[in-house]
Amino acid sequence: MLQRGSADSENDGGPQFAEVFVIIWFGAVTITLNSKLLGGNISFFQSLCVLGYCILPLTVALLVCRLVLLAKPGPINFIIRLFVVIMMFVWSIVASTAFLADSQPPSRKALAVYPVFLFYFVISWMILTFTP
């Protein structure tokens, strides 16, 4: 959904499929490996699934932002998009950390949650800065 226009247009302003795929894949694998190396008791595939399912609110934010972008651009348009992206970003963080932080030793929870925050922040930033 972050792609825009036809598949063969190169300067359309949106990220290509491979860019989005690699960011999500590399981010999820990095967070999962970090969780395992910190001594977490969650399996590799459970962590990947949690991170993948917790992208759903950001996907909803992308759909809402695409609909809002159909209207006339302006400051109100941006404020609505910013509010939606922030709310869905918070939802993704809370949902994923509920699972991933509980699988970590108490002294290492912050080290496990910080990469999750960065992962969803990058995806949220891509959604917010997407313009047709």
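Heads up, the Cβ atoms here are built off N, Cα and C, so glycines get one too.
These features come from TrEMBL:
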type	residues	note
TRANSMEM	20-38	transmembrane segment
DOMAIN	20-126	domain 'Yip1'
TRANSMEM	50-72	transmembrane segment
TRANSMEM	78-100	transmembrane segment
TRANSMEM	112-131	transmembrane segment
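Counting residues of the domain 'Yip1' (20-126) by DSSP class, helix then strand then coil, yields 92 helix, 0 strand, 15 coil. Long-range neighbours of the transmembrane segment (50-72) within the same chain, counting only residues 6 or more positions beyond its ends whose Cβ lies under 8 Å from a Cβ of the stretch, are 1-2, 24, 27-28, 31-32, 42, 80-81, 84-85, 87-89, 91-92, 95-96, 99-100, 116, 119-120, 123-124, 127-128, 130-132. On the 0 to 100 pLDDT scale, the domain 'Yip1' (20-126) averages 91 in the predicted structure.
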